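Straight from TrEMBL, the features:
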DOMAIN    166-305  domain 'Nrap protein'
DOMAIN    311-431  domain 'Nrap protein'
DOMAIN    436-596  domain 'Nrap protein'
DOMAIN    615-808  domain 'Nrap protein'
DOMAIN    810-892  domain 'Nrap protein'
DOMAIN    954-1086  domain 'Nrap protein'
Amino acid sequence: LLPINLGGRVGGMRSAAQPIGSFALRNESQWEAPAPALQPVKLSRAELYKPPTNEELNQLKETEDLFHSSLLRLQIEELLKEVTLKETKKKKIDAFLHEINSLLSAIPETPETDITDQTWLPKGVKVPFLQVPFNVKGKFRFLPPDELSVVGSYLLGTCIKPEINVDVAVTMPREIFQDKDNLNQRYHRKRALYLAHIAQHLSKENLFGSVKFAYMNSNHLKPILLLRPQGKDEKLVTVRLHACPAPNFFKPSRFYPSKNNVRTAWFLEQSTPKEAAEPATPHYNNSILCDTVLLSHLHFLSSVSTDFPGMKDGLALLKVWLNQRQLSKGLGCFSGFLVSMLVAYLVVKRKIVKVMSGYQVLRNVLQFLATTDLCVTGISLAKDTDTCLVSSCLTAFVWLALITAVQFEAKCSMEILDDRMVDGFQALLMTSKPMLRTFDHVFHLKHVSKLQSACKKMELLNELMDRGGNYVAAALPFIISLLTRGLARRALLVAHSLPETPEWAIDAEPPKHKDVGSLMFGILFAPEFAASKLEKGPQADRPEATDFRTFWGEKSELRRFQDGTICEAVVWEASTICQKRLIPEQIVRHLLKLHADIPESSICYTGALLESALGTGEEDMVSVVCSYDDLSRKLWNLEGLPLTVTAVQGVHPALRYTDVFPPVPMKPIYSFHKQVKIRHLLLPSEEKPCPAYITPLKIICHMEGSGQWPQDKEAIKRIKAAFHLQLAELLHQQHQLICRPAVTHTDVYKDGYVFRLQVAYHREPLILKEVVTPEGMLKYQDTEESQRLELEILHQPHLTSSLHGLQQQHPAFGSTCRLAKRWISAQLLSDNISEECVDLLVASLFLHPAPFTPPSSPQVGFLRFLNLLATYDWRNSPLIVNLNADLTGKQEVHRPQLWESRSVRVLCPPLVNPGSRSLWAASGAAGLLNRKHTSQGLGTGLFSLQTVFRPPLDLYDVLIHLNSNQIPRHLESVDQPVKSFSRGVVKNSSGARILFPVVDYDPVQCYLQDLREAFGDLALFFYDKHGGEVIAVLWKPSSFQPQPFKVSNMKGRTVTTLNSELVCVPNIEAILEDFEVLGEGLVKRVEAHTEKWTV
């Protein structure tokens, strides 16, 4: 395969990369109509039992050896079909290229002028080059191109959808150039003028839908011309014209990395040349060198890909892999051309052989990237000096930080491919990895122009000359190096977004360096060191101490440590867990200000933006767990019980660190309540606002088994009630704790918290399952009562202990759960999706994070949670959470078949029996959590806290507004209330002799229960239990259907005539009036959105 002149037919192509993930993100309405069902093909007996061919045997063997399953192979084959350019499209592209060829050959010449004399250019076009400094020597004239050749992936058949780019090399005649055109941007400016003249003539043609300029990979030294066809085919293809020099005009020896081709005196516009040695300009040299070898690279790649179909498939998969990780576009990217040369290198080195499939090529390239440090061990295709020089241009514009990122991603990808429990296809090729969801902390450099002062502060004149004055490209490597050193132990990876310059009209000025927008930096943490307050340096008498003090500046100080050493050290201020997570922000701001002169106002750090919605609950939960542990010990050591306590297990979310607003120690104010001194308790007062909500912390207290336990379920309940009485009495006698026993539990007031003890007998669920048949046979079957008890005393405690262990492994787990549950509640869905369900959803992000690493900050965990809700196929498959690795790859996963079709479904193998209903499935009303709604929240996730958590109330039919003084959790609302009320408690844990406070009292929940009992057949009710001021009502679609006139149908309805028949229809006016009557004193007003519904 050789470069083909455009006078003949242009070569074909294969493959293309859709932003993978589009399959999952499309709404159902956007899916195409399903194809007709395929009919089975009738085969004769001879055909049916025909021995497999050698090719079929090889495919079976390869599938068995290389793929985890035949499904993976089928998925990859379908992906390749999806991204491959169809033959009909290739014919249209070929015709378009031939027309471009005829137009280019007809462009007239221009007279010779100085490069700086650009008056010959018409007003409708501007030179696509930043001409700073403006003055430069040399002459320029336009002559028609010597040759037009298609180069790159289109001709090789390796370009992929959706962006089909065809690269055309336009060879400029030798007569245009003079000696020393390699110096001081003379070649680059001639190249830009050449493209400007072509653009001016082509813009007059009706053939093109658009004619625009762009920078090749956002490198401002390399402008290119973009041509797109007219009409409906405008998005079909983009032809990119690359102007290149005449063959063999420049000697390769001029472009050694150690050579200088930009003079300091010219760059600084000084009249006298610099006497000192000129600095090397390797990046500038390579920008010219790459243009001289476009055809050479095509020859090389075509020879390697000959008789190697697997190379084309492998390159398509690798390009999809890079696109999903946002590594293939922008300045310094790991482009498709570069990955093609890397595959060719591995073929030459015999690490890839031509019999390999596309999947094998993908694996081998990822394995090479994962195990080879390209920053230390360079690679070369060299056989002689000039060839070495040519190959050196391949990675010249790739950032060092990007190579590190590619290596890190390759390591993670190989781990995914080797893990049989992970869907490697979905994780590697179908899931996009934007920086917001990949990195634990991100921050933006809002004012990119500040990097000019950074270059001056860091004395980067040589780098500026090498980069053609691009201060962004000059400063970024040094800033990444600075942050990598400052975050050495804390960060696994520090990376930045690739600067991308938008394309522009030919009559507009070229974009400036600052037009790349804000730069985003990402930090991926090592969890064990990320929150460390101490940065310990060398001992004071060591030579390295001076360097440490220089690096950290005034933050460095001498400190004596416990081992007696006196060392330089930096101690960061942080008192709470949230503040400790933000220590990297202090480091980033300090180092950038100290070394790069970047002010803090230019840095937008978004590491913990969302956590302000939660307050400092982490410390509160530590206090709760300490009090719980002490109570557990007291229960274990109680004397006088007829049966010993065998286990004490917590159930409340605070005991697994996932409670949104954990309880704080509280002591009631007696004057605020109505006192019942006989029973030593308090009641709410009608004249005062509703008292603060005190949540009971539920604890399951398992008693030992004994033959004296009765076998009758009613008798067991009475025995348990007796245990509750005795526990209260003994705790009061032996530990002076205030207790309030009840039939089903005992409330214990300890350290300002209320613990609710519930006695459990391990055989009680089995006894509740006993059923006597009419024949007198005893059999066991699940009942609603037995399932509820099993959930309370077995599954919930087991879940709490498992998630408590997960919190110890991943410190960000608890806060991520709290953010997720706060968001679910803010969307008025907390009554439809259980807390356990949300906890398990979040747990899946930590246990099965592929293709990401487990979150180390609550914010990134929350963003991944929103993305999971928005993209997972809840309708067709449950989410399996493999807690404690109970499920292995060889085990069959039994998926329950009894879930609601529109619910969020979570399956946790150790907690669900095969064939049973999921314990943690959300109710059918959770279908309101639609993908569009969730994606909107995700899109605004980092910039508007209120927008993320505030629900869209226009979706509902009726809004019931509540009086804020009767909302006990009013201070927990998303929007901080303008005024607050005294709630009759003080934050205090002292005092042994007090009256028992009001526990678990929330008037809004009582009102909601009444509404659902009275009108549950007509409407759905939604409420934010964390201080919401509105109850949203949604009429059920069936509620407005006329019903036959019967007494049983008259609830909430009135009689009317329809087609001369008496029918019942909802009496909306009366129902709305009942809403107010039922909530008298609590309801402020009822607002009906009558435009949304009619009777």
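Heads up, the Cβ atoms here are built off N, Cα and C, so glycines get one too.
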With the domain 'Nrap protein' (166-305) as the reference, which stretch in 311-431, 436-596, 615-808, 810-892, 954-1086 has the largest tally of C-beta pairs below 8 Å?
436-596
Does the domain 'Nrap protein' (954-1086) come near the domain 'Nrap protein' (615-808), with 3+ Cβ pairs under 8 Å (pairs 6 or more apart)?
yes
DSSP-assigned states of the domain 'Nrap protein' (311-431) in counts, ordered helix, strand, coil:
74 helix, 0 strand, 47 coil
List the helix, strand and coil residue totals of the domain 'Nrap protein' (166-305) as derived from DSSP.
57 helix, 28 strand, 55 coil
For the domain 'Nrap protein' (436-596), report the average pLDDT of the model, please.
91
Count the residues of the domain 'Nrap protein' (954-1086) that DSSP assigns to helix (H, G, I), to strand (E, B) and to coil, and report the three numbers in that order.
39 helix, 37 strand, 57 coil
